[in-house]
Every structure is written in structure tokens, then in C-alpha cells.
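Here the structure is laid out as C-alpha cells; the discussion comes afterwards.
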Amino acid sequence: MKPRKVMIIGAGNVGTAAAHAFVNQKFVEELILVDLNKERVEGNRKDLADAAAFMPGKMDITVRDASDCADVDIAVITVTAGPLKEGQTRLDELRSTSRIVSSIVPEMMKGGFNGIFLIATNPCDIITYQVWKLSGLPRERVLGTGVWLDTTRLRRLLAEKLDIAAQSIDAFILGEHGDSQFPVWSHSSIYGKPVNEYSVEKLGEALDLKQIGETARDTGFEIYHQKGCTEYGIGGTIVEICRHIFSGSQRALTVSCVLDGEYGESGLAIGVPAVLSQNGVKEIISLKLDEKEKEAFANSVAVIKKSIQSI
């Protein structure tokens, strides 16, 4: 079998957390680290190699330039422009990050990259769309982590309220990985029952679904303000998405996909349920949304498109 190779571009908090999660799960044969800070990335390589030695099996952990990528299966982009400086806005951050991505992706394509791009860099949906445009790859081979972490948080919150396993819950968040995301309660269930029908049966009362959705949305911001970054959750998200791609699981995850008519939209990437295969996005699942959800989706589309137009 061909060795599975993942390249992580950006060895900061998110990239390193993802690398450590890959080491712990060890389903790839080579993990490749890329960073402009050569001393830091070499230190991370050695540290991760030590961690990998405790795990069964063999994994090569190497350092390369981003352009040395012709044999890479999945390239994970986690680069950022760094924290905002005083007086800078989110738009300034977007433009700085966009410039970095604009320099990396063309070099990778010149280097013969023919794999799958997975984008974790924020703002995820905008950068995912930009990478797709820069790469010239088919849209199914460029996706972002999107709202899969937000969806997982939503399920965790429900599981904690109901004292059940999160894996028993089918609940989704769609839209932007940001303020305009929204839960799709019309397609959410627990053991085949609507969420609050199950809650009333078990707890004797309905859950405050609005509050739970807001908490799922805001948790990332809370973590950022409490510790200065988010890393472990998004690191785990990256690894899970890669695992489903390599295994060809055919499982639907809410990742950021480039739309071409789905949900009546095009010209952007946005978080929607997508079936993953070894070629990336096999199918985008178009859910029949209720009127309130349609409005929320349209709002999220408008937010993302406005940001795309600004770069």
C-alpha cells in the first residue's frame, strides 16, 4: 500500500496540536512539517518524534519546504498572520493571512501538488475559497474544517445536558465558521427522536436550544480569550477529517465546501454536510431547511461573500 503522507503548513499552536494528534493516532506513515521558523519547526519535529516513539508502529516525522509536496496526499494549511496588533481589525488580519496563502499555494502547485487541501486557517471559509481559486484543483479536493468542530461542540453540550454519549446525537451546525453559523434543529435528533421530545421524556422539560446553539458558537471565542488560542479541539478536528478521507468512510461531516448550485448558491465556500471519500468531497448533502434556517443560511452566505470581495 502506498504510504500515506500529510503535510502541515504552519507549525504554530494549531499545526503542532494537529501533529501531536496524528502521532497519537498513527494512521499515516509520514507527517511533514513546514514553517518559516526553521529552528522552531525542527524543535517540534524532535519533540514529536520522541512522543511517537512511545506509540506502536512506525511514523516518519520530517521537515520540508512547502514546494516539496509532489508526493503529499493531504496538505493541511494552518498558517496565520499572527495575533492582531493594536489598531488592527479582523479585515486587516484577513488581508495579511490572504497574502501568506497567496504566496504558498502557487509554489505548491509549481512543485507538483496533486492531493487534497484541508484548510484550518481562519477565516476558514474565505481562505478555503481562495485556496481553491489559486490551486486550480477540482472543488472536491479543496475543503475546510468549516463547522465540524462547532457541530461536535453542539453534540457535546447536548450530551452533557442529557447524560448520554455524544455519538448518539445527530445534530448539525451549518454556515460560516464564525458569528453567523446556526444549528439546524429541523434535522437534529437523538435516538431517532426530535431533541426536545427526547429531553422532555428524560428530564421532564425541554432544553433551551437557543442558548445551547449560542454556547456552541461562542465557545471558541471564550477559549481564545481565556488561553490566547484554540488548539486541541481544532487539532482533533483536522485529524478526524483526514482519517475519514484516508479510510474512504463515506461519512458526512459539516466541512467548508465550494458550492456550485447547492443550496442555490455559488461563488463561495461554506459549512455544509459533505460525504468524504479518498478523493475529498464525494457529495454535498442538500438539506431541506425550514424558513428560519433558510434566512440564517442566506445571511451566512452574505457575510462570507462580503469578506471574499474584500481581498
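Note that Cβ sites are derived from N, Cα and C of the backbone, with glycine treated the same way.
Feature annotation from Swiss-Prot assigns NAD(+) binding site to VAL14, ASP35, ARG40, SER103, ALA120, THR121, ASN122, THR145; the stated evidence is sequence analysis. DSSP assigns THR121 (NAD(+) binding site) to coil in the three-state reduction, outside any helix or strand. The Cβ of THR121 (NAD(+) binding site) has GLY10, ILE77, THR78, VAL79, THR80, THR97, VAL101, ILE127 as same-chain neighbours under 8 Å, each 6 or more residues away in sequence.
Cβ neighbour count for ASP125 (substrate binding site): 32 (other Cβ atoms within 10 Å of its Cβ, all protein chains included). As annotated by Swiss-Prot, substrate binding site applies to ARG90, ASN122, PRO123, CYS124, ASP125, ASP150, THR151, THR152, ARG153, THR230, with the evidence given as sequence analysis.
Sequence-distant contacts of HIS177 (active site, proton acceptor), defined as residues of its own chain at least six apart whose C-beta falls under 8 angstroms from its C-beta, comprise ASN122, PRO123, CYS124, ASP125, GLY144, THR145, GLY146, VAL147, LEU149, ASP150, SER256, GLY271. Summarising the annotation, Swiss-Prot assigns active site, proton acceptor to HIS177 and lists sequence analysis as the type of evidence.
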| task | Report the largest Cα to Cα distance, in Å and rounded to a whole number, among the residues VAL14, ASP35, ARG40, SER103, ALA120, THR121, ASN122, THR145 that the record lists as binding NAD(+). | result | 25
| request: Enter the number of other CB atoms within 10 angstroms of the CB of ASN122 (NAD(+) binding site). | output: 22
| task | For each of the binding-site residues (ARG40, ARG153), count the other CB atoms lying within 10 A of its CB, then report the residue with the highest count. | result | ARG153
| Separation of alpha carbons, ARG40 (NAD(+) binding site) and ARG153 (substrate binding site) (Å) | 31
| note | Comparing the Cα of THR151 (substrate binding site) with the Cα atoms of the binding-site residues VAL14, ASP35, SER103, ALA120, the shortest distance belongs to ALA120
| request: Provide the number of Cβ atoms within 10 Å of the Cβ of THR145 (NAD(+) binding site), excluding the reference atom itself. | output: 30
| note | By a three-class reduction of DSSP, ASP35 (NAD(+) binding site) is assigned coil
